[in-house]
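TrEMBL has this to say about the protein:
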type: ACT_SITE; residues: T192; note: active site, nucleophile
type: BINDING; residues: R220, I221, G222, D223, T243, G244, D245, G246; note: substrate binding site
Amino acid sequence: LSSPGLPFVINTWGGPFTSATDAAYTSLLSSSTTSALDAVEIGCSTCERNQCDGTVGYGGSPDESCETTLDAMIMDGASMRIGAVAGLRRVRDAVAVARRVLEYTQHTMLAGDLATAFAVENGFAEENLGTEDSVRKCEEWKRGGCQSNFRVNVTPDPSTSCGPYEPIPLGGGESAMSARHAPRASRRSHDTISMIAIDGEGRMAAGTSTNGASHKIPGRIGDGPIPGSGSYVDSDVGGCGATGDGDIMMRFLPCYQAVENLRNGMSATEAAEDAVKRMVRKNPGIMSGIVVVDKEGRHGGAASGWTFTYAFRGGEMNATEVVTVQPVDAVLSASFEPWSTSRPSFWNFYYSSPNMPPRTLLQLGARAPVRLTANLAARRFYAAQSASEPLIRVTNLPAPGSGHIRVLELNRPEARNAISRALLASLREEIDAVHRQYGENGEELPPKKIFGGAAGVDQKGPTRAVVLASAVESCFCAGADLKERRGFSREETEGFLANLRSTLSALSAIPVPTISAISSLALGGGLELALATHFRVFSSNAIVGLPETRLGIIPGAGGTYRLPALIGLARARDLILTGRRVSAPEAYFLGIADRLVEVKENETGEDGKEDPTLLARAQTAALSEGVRLALEICEGGPVAIRAGLQAVAWAREEIENKMYERVVGTEDRDEALKAFQEKRKPIFTGR
């Protein structure tokens, strides 16, 4: 959402939490000497004193022993210094103590009784944090059989008993024991105030305060005091605050991820949604909410598992406003279920659209070694395939509304998909076939104009997205075919390189979304091929790199300018000059990968033996996520999607205005407004 101006304050939750928003905002207006750091402390302290929603400050959520402990942190976005307290006992003013840690120590976090001792040393009163309400909650919990309960793998069964507990040996496998003895865990009462403030000088600060999950195991620390999880801020970019299932969220550092997303060019809402979806993909049931603001005050939020709210106030606003954010879970699961991993030899794809029965099963054909069957319409739509095994396997999947998602699989297993002249020619043919469906300005051309009147009657519409993948489990693309190139003359080498550059430029200029699905190796020209697409989906075992400097050359097909544009000059320089290989998690962290799909290695029962199913499962998972992303994008209006790609590519105001004029008068726009009024999903036609 747009910025109301500075100063600006934003925090998790509305309702009673707006008292904190108002207090922080008023403090910034009342004095020019009040800093963003002051405002965050004032706002969070207000919630601590008011016991916002019973989940912040003294009282509130007791642990198993009926004691209330506090977690808090505060962060200066200019210096990146942090002060935090975890498991603070018998001191009410948690965020104020956290600020003392920031200002009077060289440490980042103090915990437990020693954090209490530090607080007392700094003049804070020591007192019982329990209240009548917290005592009542604890007694009711015990009378209810100590439910909910966070214990697992213990005896007696924590789902029916209050203990005392003893651990169960896990020789039979931890997951099996967890399933046997896992309690009925509750998701209630673990909210947090997480606040970001921007003062009139543009300085930023962030902070959190919470008394944690109800009936937690004594000593448990949540995500609130963890930098990058409960909150994070960088005055050069923006800030983030989070609340939810802290034990899960701290594994993902969603606020750090969101701020880095801002740094990489995402809007506040996009940054928040990306961070939340990353958690949801690994933990579908997670309850989370995050709020993100850039350094100008533009803000947005995302949530999963619940309807989330956040409050903000800035500029000359007379009152705090509350924004409601619907969970992303439904978006991730709508109209799609993952391709089967239990049958990796088949594409099993369930897809629901207005043009076919719900959850229709489309078995698109066997995986290797049997060739995928392209449907008759696709063969008519493009040049006919030869009877021999193709260098690129082509499959069309129906897109929402109209058209199709075109899946191109590199298929040169004997050379690990190394780019030969023949493979490059096949790839260019497929790229040009997509280009021929659209005019110079990105407008969709009628089949008659494409084919000169020869289009088949079974043609199902144009390509709405392209997914580029590998039919070879062990490699996405190993780069240029060095064996072939050793026999080239100088003129042949120059011609091949010019053709490669031209082909990748044509790929990057396709007017519909393009997605690379990478599940193994992508080196040299293979990574440059992936960099030429709009999005990259990696499985967790993927490895990429630009090793050219170790071969006495440099990347020559776009790597030296596409990679810096994607991840920044310093990081690109590191990868290009060292030539080192980058794992999928690091690639996701750097911004090379847009989506990361975890593929766990199965137990083989044989020491030292690799999981023989890993590559096949990774291949299926990456391709599944690539198609999922394509489907998610294609839910939007086709004209708007193409216009959005052009507007982002040029990133100028006049281009955005031109693209907006193109879409505002379309039938799709009218259909969207009509569908909104009728409370249904729009059916886009691309007109």
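Cβ from N, Cα, C; glycine included.
Looking at D223 (substrate binding site) and T192 (active site, nucleophile), their Cα atoms lie 10 Å from each other. If you measure from the Cα atom of D245 (substrate binding site) to that of the residue listed as 'active site, nucleophile', you get 10 Å. Each residue contributes its Cα atom, and for I221 (substrate binding site) and T192 (active site, nucleophile) those atoms are 13 Å apart. The binding-site residues near T192 (active site, nucleophile), taking a 10 angstroms Cα-Cα threshold over the set R220, T243, G244, are T243, G244. Put simply, the two farthest-apart Cα atoms among R220, I221, G222, D223, T243, G244, D245, G246, the recorded binders of substrate, are 16 Å from each other.
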